[in-house]
Amino acid sequence: NAVSSFLHMRREVFDALLRCTKPASLWDLYAFTSGTSKFKNSNPKERLLTEYFRLLGKGSFRPSMDMIEKGSFTFSNDLWRISSINSNYAMCQSYPFALIVPKGISDEEVLQASTFRARCRLPVVSWCHPRSGAVLARSSQPLVGLMMNMRSNTDEKLVAALCTQLASVRGARRKLYIADARPRKNALANGAMGGGSESSSNYFQSEIVFFGIDNIHAMRDSLARLRDYLDTHGATSSDGMSSFLRHGGWTWGGGNLSSMSASVSTLGDSGWLIHVQNVLAGSAWIAARVALESASVLVHCSDGWDRTTQLVSLASLLLDPYYRTFTGFQ
């Protein structure tokens with residue numbers, strides 16, 4: 001009986017792995033089938049506020065729809081506050097209804113600063129260190145224009161407010177790194193369309209760093225080449241298993257040295273692994289600045305889309321153990 005039970009369990013595990021390996025639809029992915037949500041309430045607004053309260057040290061408060069409807073969620077600590085300026089999404093359609101901003105910046109200044117950033121995606125706090133006061137912030141590019149000489153006093157004031165005082169040195173202000181995810185030449189080219197990158201001389205105690213991560217168009221082309229590579233070298237047989245997996249990985253690309261070299265060369269030509277490397281290296285660099293220097297980091301690309309999200313999300317995972325729990329990761 002014990003043997004029979006073990007074999008049955010082993011078969012169930014195998015079947016489960018097979019379903020997760022070859023999902024028939026998006027909802028069959030392991031992320032969705034691994035169990036019930038750890039959140040009692042799946043309302044996204046309440047979930048966002050729950051996280052904001054945690055970051056601001058107000059974890060004892062519990063958000064509710066009544067709180068959201070009344071706009072009574074604008075809690076603050078010594079450094080940061082939750083703003084309801086975007087509660088009807090009139091300021092920025094693609095930002096959430098609640099935003100964490102520096103406490104010393106008024107809603108009027110937040111609104112004004114948003115006009116100086118592409119798609120009105122002004123700098124907002126994504127994560128803050130509970131002890132040092134350093135933050136991860138994100139935005140889109142500043143609208144400095146072709147000559148890179150357009151300025152906004154309120155944008156500069158908002159960004160400077162990310163350089164809060166260092167707890168360890170009385171009166172000293174922390175450094176700010178502005179991490180531009182793009183290659184430098186791409187940032188300059190955006191000036192022709194009104195965009196561009198910050199000048200460190202205009203932004204308090206800041207250093208501009210370019211990560212050289214290509215845009216979504218280059219990423220899409222790379223993905224297409226990666227798919228071509230898999231179609232060529234990862235062909236499947238009638239049972240759906242690639243020859244590489246069936247033979248323990250020793251016959252990838254045909255099993256001889258020349259064909260393996262060709263397949264590796266094709267993979268390299270796709271550029272995909274370089275993209276992955278650049279995002280991982282950039283995320284690690286950002287996390288190191290926050291953890292080792294107690295510096296704040298503002299991350300952006302052109303519009304604050306994919307590259308910005310990847311960098312901020314991965315850096316947050318590196319910096320905060322809570323995000324490496326089931327609930328935190330959700």
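Glycine is no exception: its Cβ is also placed from the backbone N, Cα and C atoms.
Per TrEMBL, the feature domain 'Myotubularin phosphatase' maps to 57-330. Confidence for the domain 'Myotubularin phosphatase' (57-330), expressed as mean pLDDT, is 89.
Taking the Cβ of D303 (substrate binding site) as centre and 10 Å as the limit, one finds 20 other Cβ atoms among all the protein chains shown. Feature annotation from TrEMBL assigns substrate binding site to N215, I216, C301, S302, D303, G304, W305, D306, R307.
Per TrEMBL, the feature active site, phosphocysteine intermediate maps to C301.
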Annotated substrate contacts N215, I216, C301, S302, D303, G304, W305, D306, R307, maximal Cα-Cα distance (Å, integer): 12
8 Å Cβ shell about N215, I216, C301, S302, D303, G304, W305, D306, R307 centroid, substrate site members excluded: A181, R182, T308
